Each structure stands twice: as structure tokens, then as C-alpha cells.
Amino acid sequence: MRTYLRSYFATLFAGDLAAFGAPPTDEALAGHIRAEQVSLVLGYSFGIMLANACNALVLAVALWQSADWAFALVWAAAVSSAALFFGLQARASRRIAKPQFVSRRTMYRLVRNALALGTAWGVVPVAFFANASSGAQLVITCLCAGMLAGGAFAFSTIPIAAIAFTGPIFLGTAICLGRDGDFIYLLMAVLVLVYGSVLLRGVFLNAFEFRRRIIAQHEAERTVRQDPLTHLPNRVAFNEALNGALNRLSRSSEEFAVLLLDLDRFKEINDRYGHPAGDEFLVQVAARLQRCTRAAEHVARIGGDEFALIMSNLTRPEDALAIAERFVAAFADPFPIDGFEITGAISLGIVLAPRDGTTSHDLLKHVDIALYRAKKSGSGTICFFETGDDQSARDRRALQHDLEHAIEADQLFLVYQPFLDIRKGRVTGFEALLRWQHPTRGLIPPTVFIPIAEESGLIHQLGEWVIRRACAMLSRWPDDIRIAVNFSAVQFQNVSILQTIVEALDAANVAPNRLEIEITESMLISKYGSAPAILNGLLELGLTVALDDFGTGFSSLTYLRKLPFSRIKIDQSFIRDMLTQPDCAAIVKSVIGLAQDLQIGVVAEGVETADQLEYLRQTSCDEVQGYLIGRPMSGSEISALLDHDPQHSVHAA
Ligand SMILES: Nc1nc2c(ncn2[C@@H]2O[C@@H]3COP(=O)(O)O[C@H]4[C@@H](O)[C@H](n5cnc6c(=O)[nH]c(N)nc65)O[C@@H]4COP(=O)(O)O[C@H]3[C@H]2O)c(=O)[nH]1
């Protein structure tokens with residue numbers, strides 16, 4: 001019972017209408033309602049307090065001739081200075097941004113102040129009415145009535161504060177009127193009672209309506225600011241929180257950190273296990289991330305697989321690192337979804353404000369750059385932003401700018417690396433590899449500029465150029481020679497590539513089966529929806545498709561069964577180590593066996609030594625490619641080579 005009463009009174013004095021039968025809310029929402037109530041009261045406070053001070057002075061003047069003038073003067077001085085003090089305080093706090101949450105303690109203080117001021121006015125009829133002149137009595141009556149109405153209006157959203165303020169005035173008036181015993185005064189007392197109850201009823205109706213409106217508005221805002229899947233704050237809420245943190249930084253130098261997290265290989269999970277499983281994965285990730293943070297901090301989901309956290313009041317950068325490490329550790333255990341154990345991982349970028357920026361634009365740009373470096377360094381990496389990062393981002397942008405003009409400036413060219421049929425000892429074709437001769441930076445390798453082209457979308461233009469150039473070159477070579485062209489995952493976004501291929505083959509007048517497209521494993525499970533359509537389109541056109549870098553990506557055995565590849569290319573990392581590491585040798589042997597069983601060709605990439613070639617010959621590998629057979633060469637070198645040896649019997653060195 002005691003606990004019940006204690007909790008009831010705590011709710012009552014916190015201005016919560018649940019104490020008067022309204023449905024209870026959680027503390028976060030209750031705090032938000034209190035913030036709205038207090039903000040409204042503060043809005044009126046300065047004017048009302050000024051009126052209080054004036055009224056107190058009017059009363060002192062009206063009682064100047066009365067026997068109680070000295071007490072009235074002291075009373076008026078105390079009330080008007082208290083009213084002015086509170087009024088100025090209210091005005092000052094209005095200048096500060098409106099809080100989203102107000103504690104119960106603040107509301108207790110407000111109710112207490114209302115009671116104190118109400119009591120001060122309640123004293124007036126009791127202490128001064130009897131000895132006052134009839135004119136002064138009229139002034140007292142008017143003032144009390146005005147105070148009652150004003151108080152009820154000011155506290156119309158907080159009934160308990162309205163009761164605390166008006167209650168003593170009603171009581172004082174009732175005592176004053178009842179004490180005399182005069183019938184007219186008794187009638188007046190009844191009138192005051194009726195008047196009071198109508199006033200309070202109005203206060204309650206208004207307060208309930210106000211609360212209902214705030215809750216509805218809060219719900220609406222929550223849907224705008226909340227990610228519907230994970231129920232975490234979304235990008236809108238995150239941006240607001242970031243602006244709030246920046247405001248606090250400028251006002252009170254409160255430092256903070258922004259952590260940006262990206263799920264590694266989320267697209268693969270989505271594609272492999274289906275979208276419902278992908279959604280469930282995100283929900284579980286959100287819950288694990290939220291468990292790693294401090295109570296007042298909320299991880300936000302700001303993109304498909306991107307999460308962010310603002311760590312306010314940061315004392316040391318190590319604190320941000322500690323949370324980041326907790327995030328990484330949260331992925332140690334797999335996620336149980338639909339009977340599967342799905343493993344996940346994240347990469348993280350961190351910026352510190354003000355060190356890394358004092359505007360949201362700079363901070364977001366820099367955290368993105370830090371995340372980019374983290375992702376490049378591999379899963380589970382955490383990177384703080386470094387000034388050098390900015391330089392490398394600028395470099396990337398400059399390179400992208402130059403790449404935009406590289407085709408028309410004739411800076412791109414293809415080199416060709418041969419495939420050797422081991423059994424026949426002759427060249428069967430060449431892989432076209434793109435090169436960029438930059439006017440000032442020299443020769444830039446594709447591993448540098450292809451990712452930039454992919455990120456910027458330039459790859460479509462580049463890819464089309466490569467296809468046309470490769471087909472044109474192919475037309476100069478014998479009919480039994482094929483050419484292989486690399487395809488990026490991004491190119492699978494653009495169905496028009498099929499048209500380009502048809503046009504290029506037509507223009508060069510070469511048979512489609514001489515053109516091979518090399519795609520990587522990761523492309524098969526890429527996010528690009530049109531991938532299967534384009535793959536089938538390629539096959540329908542009569543092209544062959546090779547699976548590049550086999551063994552380095554996600555297991556694509558299922559795809560091997562589903563899609564009619566003509567060749568698998570074993571990644572060079574396995575070839576490099578197969579003579580020293582038994583596991584690599586086992587993988588090479590089983591991939592060759594697999595290709596034979598599936599009746600498709602198999603090429604070993606990166607063959608550099610005669611021993612490697614011999615081993616591959618013994619394991620019945622079909623074709624090899626690597627520096628031992630030939631480095632990438634220019635078109636004219638290849639033409640000269642083929643002209644010189646019509647049988648293409650280029651033997652290994
Ligand atoms: N250490 C060693 N390396 C060898 C050996 N034999 C060949 N290589 C290199 O291995 C890479 C093989 O190409 P990739 O796996 O398709 O990997 C290619 C491919 O993914 C991409 N790329 C090249 N040209 C194009 C293109 O036109 N379009 C697209 N989308 N990507 C391209 O750039 C990657 C790198 O190309 P490159 O720098 O030309 O590097 C080439 C080649 O020069 C060897 O015996 N030892």
C-alpha cells in the first residue's frame with residue numbers, strides 16, 4: 001500500500017494525468033509530455049509573473065489607509081520580487097532550445113512554486129479583507145478572482161499545478177467569506193465554489209486534450225524518425241541528433257564522436273538466404289548493436305546496411321574505440337536465422353568533433369572516408385579518420401576527374417595475356433587487360449582505377465570501350481583464337497551492354513563464340529538485379545562465360561550447377577602456393593576434377609614457374625595463364641607473334 005501510495009503521489013506531482021485516470025505511458029513519453037507542459041507554462045510565465053508583481057503593488061496601494069498597511073507592504077514586496085525573479089528565470093530558460101525530455105524533479109519544483117505563489121495570494125483575503133475599506137475589499141475580490149482565472153489559464157495543461165495554485169486562493173476566499181457569517185457572503189462562497197469547479201473542469205478537459213494531442217504528435221514524429229524494420233532511429237533522427245551535438249559543441253564545448261558502421265557482405269546474405277532472412281538479420285544486428293551502447297545513446301540505421309552512433313560528452317577517444325570494439329565483438333557469434341547460422345561482420349569509421357570537423361558536412365564526409373579505409377583493410381577493422389585520408393579521398397576524386405576524360409584523350413589501351421592449352425602446347429586465346437597511361441602519373445594499374453570507375457559509374461563507358469576495342473582486335477586474329485574480357489559487377493546494372501556487344505561483334509564481323517566474358521564469383525551474388533538476365537542474354541548471343549578468381553569468393557557451387565559456364569579460372573593465390581601448401585594443392589586438384597565432371601574448361605591463373613606448369617599438366621588442367629607463358633603484351637606484339645607462328649605453338653619458357 002505504501003509503495004502504491006508513494007508511486008501514485010510521485011505520478012500526481014509529476015503532472016502526469018495517469019494519476020487522474022489517463023492511460024499510463026512509458027517514462028520517455030511521460031518526460032516528453034512534461035517537456036511540452038513546462039514549455040507552455042514557461043511561455044506564459046513572464047507575462048503572468050509581471051501581472052503578479054503589478055497586482056501585489058496595486059494591493060499595497062489599496063491597503064495604504066488600512067490598519068494592515070505595514071504587513072501589506074512587506075507582503076507586496078516579497079510577492080512582487082519573487083514574481084519578478086521567477087518571471088526573469090522563465091524568460092532566460094525559454095531562450096535555451098526546448099528540451100525533448102523534462103525530469104519529474106523539474107515538475108515537482110514547478111508544482112511547489114505554484115503552491116507557494118498560490119498560498120501567498122490565499123493569505124490576502126484572510127489577512128487583509130476584514131480591515132480593508134469597501135473599495136479595498138473590491139480590489140481584493142477582483143485580484144483574487146483574476147489570480148484564480150490567470151492561474152487556471154497558466155496551468156491549464158497541468159491540473160495538479162492549477163490545483164496547487166488556485167486551491168489556497170479558494171481556501172483563503174472561503175475562510176474570509178465564511179468567517180463573517182453574513183448570508184450574502186455565504187452566497188458568494190457558494191458562487192466561488194461553483195466558479196472554481198467550472199474552472200477546474202475546464203483545466204482537466206484542456207489537459208486531457210493537450211496530452212492526447214502530444215501523444216498523437218509524438219507517435220507521428222516517431223514514425224518519421226524511426227526505422228520501421230529495426231525500430232532504431234533513422235537518418236532523419238540521426239541528422240537531428242548530430243545537429244544537437246554540434247549545438248552543444250558550440251555552446252559548451254562538449255566533444256563527441258560519430259561512429260559509422262557498415263555490414264560486410266550484407267548483399268550476399270540477402271541474395272543467398274532471401275530478403276526475409278536479410279530483414280531478420282538486420283533486426284538481430286540492430287538489437288546486438290544497441291546492447292553495446294550506453295543507456296542514453298541510440299544506434300541509428302541510416303541506410304540499408306549502414307548504422308551510426310553519436311557518442312556525446314566524450315572525454316577520451318579511447319571511449320569511442322571501446323564501443324567500436326564492442327560492436328565488432330558483437331559479431332563474434334553467428335546469427336541464428338531460419339535454421340541457418342549466419343555469420344556477419346562490420347567495418348567501422350570514427351570521427352571526433354571538433355578535431356575532425358565542426359559541421360555535419362565535414363564530419364559525415366570524414367567518417368565516410370574513415371569507413372572506406374576500414375572496409376578496404378578487411379572485415380572487423382576500425383579506423384579513426386586521419387588527415388591523410390582526406391588527401392587520399394582528394395586524390396581519388398582527382399583521379400576520377402582525369403578518368404572521365406581518359407577515353408577521349410586516348411590514354412586507355414588494352415594489353416593481352418595468352419592462355420596456353422597444356423596438352424596441345426598452343427595458344428588458344430588472350431585475356432584483354434585494361435591499362436591507363438596517365439599524362440603526369442604514368443601507367444596506372446587497373447586495380448587502382450577500376451574501383452574508381454565502378455564507384456563513379458564510369459565503368460559503363462569504359463566497359464563498352466573495352467568490348468569494342470577487343471572485338472576490333474579479335475577481327476585481326478585467326479578464327480581459332482578467342483578473347484576474354486573482364487566484366488565488373490556494376491556493369492550488370494546496365495542491360496544496354498548486350499546491345500553494345502552485338503554492335504561490336506557486327507562491326508568487327510567476328511563470331512560471338514570467340515568472345516568470352518570473365519565474371520567473378522562475387523558478381524553472381526551481387527546486388528544488381530539484372531545480373532541473371534544479362535548472363536542469360538550473353539549466353540543466348542552465343543558468347544562464352546568464364547568464372548574468374550574461382551575459390552576466392554562466396555561458395556558458388558550452386559551457381560556452377562545453375563549457370564552454363566564454359567570455363568572456371570582457378571585463382572592465382574592457389575596456384576602460387578599449391579607446391580608448398582597441401583591444402584592449396586587439394587583445392588586445385590578438386591577444382592580441376594569438378595570442372596571435368598561438369599564438362600567445362602579449367603584455366604590455372606598466375607603460373608610463374610616450370611614446376612607449377614608441370615604439376616598442372618599432371619593434374620590434367622586444360623589451360624594455363626601466367627608470366628611463364630607470357631606477360632600481358634600490346635596488340636601489335638600479339639599480331640606479330642601470331643603472324644610469325646600460324647600454329648600459335650607458343651611453348652612455355
Ligand atoms: N603476379 C602475377 N600476376 C599475373 C600473372 N599472370 C597474370 N597476372 C595478372 O593477374 C591479373 C589477372 O587479371 P584478373 O584476375 O582478371 O584481374 C584483373 C581484373 O579484375 C581487373 N581488370 C583488368 N582489366 C579490366 C577490364 O577491362 N575491365 C574490368 N572490369 N576489370 C579489369 O584488374 C585486375 C588486375 O589486372 P592486371 O593488373 O592487369 O593483372 C592481371 C595480370 O596481369 C602471374 O603469373 N603472376
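Every residue, even glycine, has its Cβ placed from backbone N, Cα and C.
Annotation comment: TrEMBL describes 41-63 (among others) as transmembrane segment.
Residues annotated as transmembrane segment in TrEMBL: 69-89 (among others). Among residues of the same chain six or more beyond the transmembrane segment (69-89), those with a C-beta under 8 A of the stretch's C-beta atoms are 45-46, 48-50, 52-54, 56-57, 59-60, 63, 113, 116-117, 120-121, 123-124, 127-128.
Marked as transmembrane segment by TrEMBL: 110-132 (among others).
Look at TrEMBL and you will find 138-171 (among others) tagged as transmembrane segment.
Through the fold, the transmembrane segment (183-204) approaches residues 20, 145, 148-149, 152, 155-156, 159, 162-163, 166, 170, 173-174, 177 of its own chain, all at least 6 residues removed from its boundaries and within a Cβ separation under 8 Å. The transmembrane segment annotation in TrEMBL covers 183-204 (among others).
According to TrEMBL, the feature domain 'GGDEF' maps to 254-387. Summarised by DSSP class, the composition of the domain 'GGDEF' (254-387) is 58 helix, 33 strand, 43 coil.
On the 0 to 100 pLDDT scale, the domain 'EAL' (396-646) averages 89 in this prediction. What TrEMBL records for 396-646 is domain 'EAL'.
Residues 13, 15, 38, 41, 52, 59, 62-63, 66-68, 71-72, 75, 78-79, 82-83, 86, 139-140, 143-144, 147, 151, 155, 158, 160-162, 164-173, 175-177, 179-180 of the same chain, all 6+ positions outside the transmembrane segment (110-132), place their C-beta atoms under 8 angstroms from a C-beta of that stretch.
Residues 12-13, 15, 17, 19-20, 36-37, 40-41, 44-45, 48, 51-52, 55, 58-59, 62, 107, 110-112, 114-115, 117-119, 121-125, 128-129, 132, 192-193, 195-196, 199-200, 202-204, 206-207, 210-211 of the same chain lie 6 or more positions beyond the ends of the transmembrane segment (138-171) yet place their CB under 8 Å from a CB of it.
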